[in-house]
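Peer 1: Residues or ranges marked as active site, proton donor by Swiss-Prot on the basis of sequence analysis: Tyr104. The feature NAD(+) binding site is assigned by Swiss-Prot to Arg157, Asp270, Asn419, with sequence analysis given as support. Taken from Swiss-Prot, the feature active site, proton acceptor applies to Lys175, supported by sequence analysis. Annotation source Swiss-Prot lists divalent metal cation binding site at Glu246, Asp247, Asp270. Residues annotated as site 'Important for activity' in Swiss-Prot, with sequence analysis given as evidence: Asp270.
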Amino acid sequence: MEIKHKKNRSLYIPYAGPVLLEFPLLNKGSAFSMEERSNFNLLGLLPEVVETIEEQAERAWRQFEDFKTDIDKHIYLRNIQDTNETLFYRLLENHLEVMMPIIYTPTVGSACERFSEIYRRARGVFISWPNRHNMDDILQNVPIHNIKVIVVTDGERILGLGDQGIGGMGIPIGKLSLYTACGGISPAYTLPIVLDVGTNNQQLLNDPLYMGWRHPRITDDEYYAFVDDFIQAVKQRWPNVLLQFEDFAQKNAMPLLERYRDEICCFNDDIQGTAAVTLGTLIAASRAAGSQLSEQKIVFLGAGSAGCGIAEQIIAWMRTEGGLSDEQARARVFMVDRFGLLTDNMPNLLSFQSKLVQKRDSLKGWDTQSDSISLLDVVRNAKPDILIGVSGQTGLFTEEIIREMHKHCARPIVMPLSNPTSRVEATPHDILNWTDGAALVATGSPFQPVTVKEKTYPIAQCNNAYIFPGIGLGIISSGALRVTDEMMMAASEALASHSPLVNTGSGLVLPPLTDIQQVSKDIAFAVGKMAQQQGVAVKTSAEALLQAIEENFWLPEYRSYRRTSI
């Protein structure tokens with residue numbers, strides 16, 4: 001079946017009766033007209049009143065408000081999504097700022113941990129190791145022929161929560177909800193997938209309700225052969241699809257990206273998406289301060305694939321914006337992990353970490369307490385302007401470290417990006433109080449505004465949802481065949497151009513979520529234009545690209561149905 005979304009055109013539907021009501025992509029519930037009820041054998045299967053989508057959304061909102069806990073609200077919204085997707089997205093559109101933290105971080109973390117417990121209905125595709133020889137058949141079982149975006153995880157590193165096994169499916173479902181709500185990509189074009197290669201989470205293995213394959217994780221050559229087979233099956237079924245890798249473990253995330261980025265249109269959101277939104281935030285913050293990012297010194301706490309991905313994107317921008325050499329740019333970036341500052345004499349570094357070391361000889365003048373150079377040592381000696389946390393460990397940005405940074409930096413930029421909120425390196429409340437309100441703070445999860453000395457500071461959420469929906473829309477609209485680093489930087493710059501702090505001199509460094517659909521369209525244009533310039537998409541006029549973006553932007557509105565046969 002192929003569902004085409006052309007605005008204001010009727011849809012020809014081969015389903016009727018209870019089958020139609022059970023199809024979330026097509027179900028309108030009480031909004032089916034009397035004519036449609038007659039034509040599709042729905043008479044008597046629905047209450048008498050024909051409602052508008054806004055009337056349905058108002059009822060759903062009131063029901064949503066009755067739930068007391070975030071996880072119950074999440075379950076309720078997922079039930080609507082699995083019943084009537086158009087209503088689900090209209091509800092999100094009406095209340096995005098309230099509902100985004102419910103459908104995604106931080107609440108989605110709890111939903112992943114409790115996936116088997118709260119499971120109601122299948123969504124997406126589950127490919128398990130025991131079924132590895134049936135991948136082609138499994139993907140053929142998906143009834144939608146024109147899938148355009150896949151988000152896939154193996155559940156091994158879910159947010160900051162670690163191995164959640166099959167429970168990691170909550171992440172692709174949540175991410176794709178944002179592709180639609182923020183980026184206008186039709187839900188009919190999206191597919192969440194989990195690769196179930198077992199779990200090393202003993203709690204899950206012992207849980208009688210756990211729905212995944214009960215076996216320790218498959219690793220090494222067998223694991224990579226499994227993913228190879230998956231990629232080939234996807235290419236055969238949907239050769240032009242955009243594939244997003246999500247929440248793979250550090251040891252696999254970068255190797256998988258490097259292995260497939262020239263074979264299929266793909267990117268890793270934890271590495272490249274996080275890097276793009278962080279870079280966009282830093283570009284805007286630097287411009288608001290009247291400086292360039294290439295003039296700043298930056299310290300990272302966390303040298304995994306996400307932290308190193310952000311660092312590499314920043315270094316590339318420094319070369320582009322400030323004309324720095326690669327060596328000059330790398331000298332301004334300091335990576336700290338649990339063993340201390342990464343230096344060129346450290347053993348057992350991963351390949352992507354070894355490119356980001358500081359030369360030990362250049363640190364001879366530093367005042368340090370031991371051979372292992374701590375985060376405090378780095379802050380005291382390097383005197384950074386920017387501190388970024390991607391460690392997944394709470395409380396590591398201590399009062400001493402933040403105050404030390406503020407001694408030499410009047411307006412420090414502090415970004416504790418770890419998710420969920422329980423893993424944040426420091427809270428905005430503490431950071432702003434330790435700096436007397438001077439710090440510019442952006443976080444990975446949502447936080448309430450903070451009041452310091454009778455002044456209230458809104459907290460920017462450095463959320464990947466500002467970036468990946470627009471990237472997806474741009475790739476679909478331009479027909480891009482690959483995702484390049486330059487396309488990611490174009491997305492960052494487009495995001496920075498929407499900063500209220502830059503454009504008005506006040507407010508947040510990132511735009512409000514109420515603007516996110518327009519932000520996504522502008523990012524899509526920048527990404528599509530760069531794809532054309534780099535030869536990974538067919539060149540068109542700017543007007544044609546803009547038109548394609550508008551035509552591809554799906555809106556949660558009911559359309560009239562006409563009956564047809566399969």
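Backbone N, Cα and C define each Cβ position, glycine as well.
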Peer 1: Of Tyr104, Arg157, Lys175, Asp270, Asn419, which recorded positions are close to Glu246 (divalent metal cation binding site), meaning a Cα within 10 Å of its Cα?
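Peer 2: Those near Glu246 (divalent metal cation binding site) - Cα within 10 Å - are Arg157, Lys175, Asp270, in sequence order.
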Peer 1: Can you tell me how far the Cα of Asp270 (NAD(+) binding site) sits from the Cα of the residue listed as 'active site, proton acceptor', in Å?
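Peer 2: For Asp270 (NAD(+) binding site) versus the residue listed as 'active site, proton acceptor', the Cα atoms are 12 Å apart.
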Peer 1: For the residue listed as 'active site, proton acceptor', which residues in the same chain are close in space, meaning a Cβ under 8 Å from its Cβ, but six or more apart along the sequence?
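Peer 2: Sequence-distant Cβ neighbours: Tyr104, Val151, Pro192, Gln244, Glu246, Asp269, Phe468.
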Peer 1: Please report the Cα separation of Arg157 (NAD(+) binding site) and Asp247 (divalent metal cation binding site) in Å, rounded to an integer.
Peer 2: 5
Peer 1: To the nearest whole angstrom, what is the C-alpha distance linking Asp247 (divalent metal cation binding site) and Asn419 (NAD(+) binding site)?
Peer 2: 12
Peer 1: If the divalent metal cation site is taken as the center of the Cβ atoms of Glu246, Asp247, Asp270, which further residues of that chain fall within 8 Å of it by their Cβ?
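Peer 2: Leaving out the recorded residues gives Thr153, Arg157, Ile158, Ile171, Phe245, Phe248, Ala253, Asn268, Asp269.
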Peer 1: So what sits near Asn419 (NAD(+) binding site) in its own chain, CB-to-CB under 8 Å and at least six residues off in sequence?
Peer 2: Thr105, Pro106, Gly109, Leu159, Gly160, Gly444, Ser445
Peer 1: According to DSSP, which kind of secondary structure is Asp247 (divalent metal cation binding site) found in, if we only use helix, strand and coil?
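Peer 2: Going by the DSSP assignment, Asp247 (divalent metal cation binding site) belongs to neither helix nor strand, so it counts as coil.
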Peer 1: What is the biggest Cα to Cα gap, in Å, among Arg157, Asp270, Asn419, the residues listed as binding NAD(+)?
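Peer 2: 11 Å is the greatest Cα spacing among the residues binding NAD(+).
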Peer 1: When you average the Cβ positions of Arg157, Asp270, Asn419 for the NAD(+) site, which other residues in that chain have a Cβ within 8 Å of that mean position?
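Peer 2: Counting only non-site residues, the set is Ile158, Leu159, Gly160, Asp247, Ala306, Gly392.
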